[in-house]
Amino acid sequence: MSNRKYFGTDGVRGKVGDTPITPDFVLKLGWAAGKVLARHGSRKIIIGKDTRISGYMLESALEAGLAAAGLSASFTGPMPTPAVAYLTRTFRAEAGIVISASHNPYYDNGIKFFSIDGTKLPDEVEEAIEAELEKPLTCVESAELGKASRIVDAAGRYIEFCKGTFPSELSLNGLKIVVDCANGATYHIAPSVLRELGAKVIAIGCEPDGMNINEECGATDVRQLQARVLAEKADVGLAFDGDGDRLIMVDHLGNKVDGDQILYIIAREGLRQGQLRGGAVGTLMSNMGLEVALKQLGIPFARAKVGDRYVLEMMQAKGWRIGAENSGHVILLDKTTTGDGVIAGLQVLTAIVRNHMSLHDLCSGMKLFPQILVNVRFTGENDPLEDKKVQQITQDVEKELAGRGRVLLRKSGTEPLIRVMVEGEHEETVIALANRIADAVKAAG
């Protein structure tokens, strides 16, 4: 990916009120995107958002920019990111735009784009939009201005799509499920999907006020969900993040079930049903326990760079259909085109119902290795990762683990930090080894 001024790996993102997340810039972004997409024959764009208070402001700015470029916008209202990808496909729109900062606090927001097939825009299109941003804004003739409309029952359409990924011969009758929607975009989606499939649903995190999105709730903080699952004696808990593309689960004992475990369950069930095509893709941060468990099942496993974009790229390159990050991004290409928390949850619930097993028991075939992450701040000019002593100690630790553990050193993309990750079978050993490497990194930095 070339150097860019505004687009990151997940669109344009930042703090509301600071460039680039300002009304004037987003208007210009809408215009620039409109000009580029119009060259590809575009005339209709789908726009969705999560529940942040700033979404209304940014939505209006995007609409004005697109209209000035001659493109019409259809609005979904608050909807999960994967729902916008789905609606972009079904409405044959030329692109979809989501106003969201995913799992970030309410004072952040972002703009990300989907192409006509529901996948993220190609790099070259994003680069063309950046180039257009450098030009002065011009408006098309009045007769060519874009129009605005709302999609009738966007939520109902997406609810039916989600339900369609659950086997028609099964139901969730008899299951008590707690669902935490992070006061985000799934608040009016996930509870309805689960209830209509027969579950008894206890919903939390479903009262968005524009500022409580992801606040001590949802996939990034499952403590409320864990407590409620235990208090209600529920069978299972599901937690989504603010824009609904992540899923973390909780079993009936209150244990957290992360993206690695969810990927294991879905891969194992796919194998049992004869529906698994190829292997599974994780990331450099995926727990080694996942790799070991899949190997025991004879399922190939590959690691992509951290980021759902890179997971998807590797899946497409290998022709594989399932992949996930341990943070809860689960991509199931046989079901949809992007990470979808609700649909991922339904696939795990399918395994629970079909096998008459609890979530806890479905996870039992995979043992999570103790994983220790130490962040080391460095301020010197020297790169600690290039230091000979750091490299030697890292090699020594890898030899000591003898194939029953992993070492990963990587730089943070946002701070002057080296992240030291060590995992292995015994926690005390892992802690000692991680600290040994961290001390060497500190000395080098």
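Quick reminder: no glycine exception, Cβ is built from N, Cα and C everywhere.
Taken from Swiss-Prot, the feature Mg(2+) binding site applies to Ser102, Asp241, Asp243, Asp245, supported by sequence analysis. The secondary structure of Ser102 (Mg(2+) binding site), as reduced to three states from DSSP, is coil rather than helix or strand.
Annotation source Swiss-Prot lists phosphoserine at Ser102, citing sequence analysis. Note on Ser102 (Mg(2+) binding site): other Cβ atoms within 10 Å of its Cβ, all shown chains, come to 27.
If you look up Swiss-Prot, you'll see Ser102 marked as active site, phosphoserine intermediate.
Taking the Cβ of Asp243 (Mg(2+) binding site) as centre and 10 Å as the limit, one finds 35 other Cβ atoms among all the protein chains shown. Counting only residues at least six positions away in the same chain, the Cβ atoms of Pro80, Thr81, Pro82, Ser102, Asp308, His329, Thr338, Gly339, Asp340, Gly341 sit under 8 Å from the Cβ of Asp245 (Mg(2+) binding site). Same-chain neighbours of the Mg(2+) site beyond Ser102, Asp241, Asp243, Asp245, judged by a C-beta within 8 angstroms of the site's C-beta center, are, in sequence order, Asp50, Pro80, Thr81, Ser100, His103, Gly184, Ala185, Ala219, Phe240, Gly242, Gly244, Arg246, Gly341. Long-range C-beta contacts of Asp241 (Mg(2+) binding site), restricted to its own chain and to partners at least six residues apart, with a cutoff below 8 Å, comprise Ser102, His103, Ala182, Gly184, Asn214, Gly218, Ala219, Thr220, Gly328, Gly341.
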